[in-house]
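According to TrEMBL, the protein has these features:
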{"type": "DOMAIN", "residues": "16-221", "note": "domain 'Peptidase S26'"}
{"type": "TRANSMEM", "residues": "20-39", "note": "transmembrane segment"}
{"type": "ACT_SITE", "residues": "S45", "note": "active site"}
{"type": "ACT_SITE", "residues": "K106", "note": "active site"}
Amino acid sequence: MSVAEKSQKKSGGLGETVSVIVQALLLALVIRTLLFQPFSIPSGSMRPTLLEGDYLFVTKWSYGFSRYSLPFGPDLFSGRIWGAEPKRGDVAVFKFPPDPSVDYIKRVVGLPGDKIQVKDGQLFINGVGVPRQKVGQIDNRDITEESGPVDVYRETLPNGVSYDTLDLIPNSIGDNTQEFDVPPGHYFMMGDNRDNSSDSRFTVGFVPDDNLVGRANLIFFSIGGSASPLEIWKWPSLMRASRLLHFVN
């Protein structure tokens, strides 16, 4: 083989490798933009439904696509393409309205046109109290460093969606609110950990339709103790095997 042929072979091999890498990156970009986006839970605001250290897939097509479906949210267009309205009770990822560079995850409790209020810890939708039944207690040490029981309540929304919430602090600031009128094209979000959630009752406010990223769908990995999934040596003691491949409800 001549020197020229060897050089051509090396060049072809390098070019093929670069081509494969570029194609793989483009495929990953398409999947992340149109199909699924991985998301990790950084706080306890959605306990007991989601735990810190849960890693889940968010379905991007559930609500259609907006500028925030794209990496870095470039201002290329307004509104949503193939938009679909979230269902009451969905656990949704959205861009924090005051700072769209930050992702939030909460439960959709209020739709456009709804009147939302919390009175004595009970959620009211359009003047009707959402059924709320105490179903048990958990140890506060699972949430904070303080010991003691925490009440768990099961709420059932008007469309039949049920989920558990926590009542950490009786008569907390979020247990009694004004009545919120959800404007057109906006949604009212709340965390399941009602006394430890920054949501539409506070700084989040109403969430514009354009800010929706997708619906939380499936937990594909979960690890406790603030460990990273890359710390494989910690898996035997910290991985929550019972939560793997668990659908988010």
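Glycine residues also receive a Cβ, built from the backbone N, Cα and C atoms like all the rest.
Since the structure is predicted, the reported quantities are computational estimates derived from the model, not experimental observations.
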Fewest other Cβ within 10 angstroms of its own Cβ, chosen from the active-site residues S45, K106: S45
Reported mean pLDDT - the domain 'Peptidase S26' (16-221): 90
Per DSSP, three-state class assigned to S45 (active site): coil
Spatial separation of K106 (active site) from S45 (active site) - C-alpha basis, Å: 8
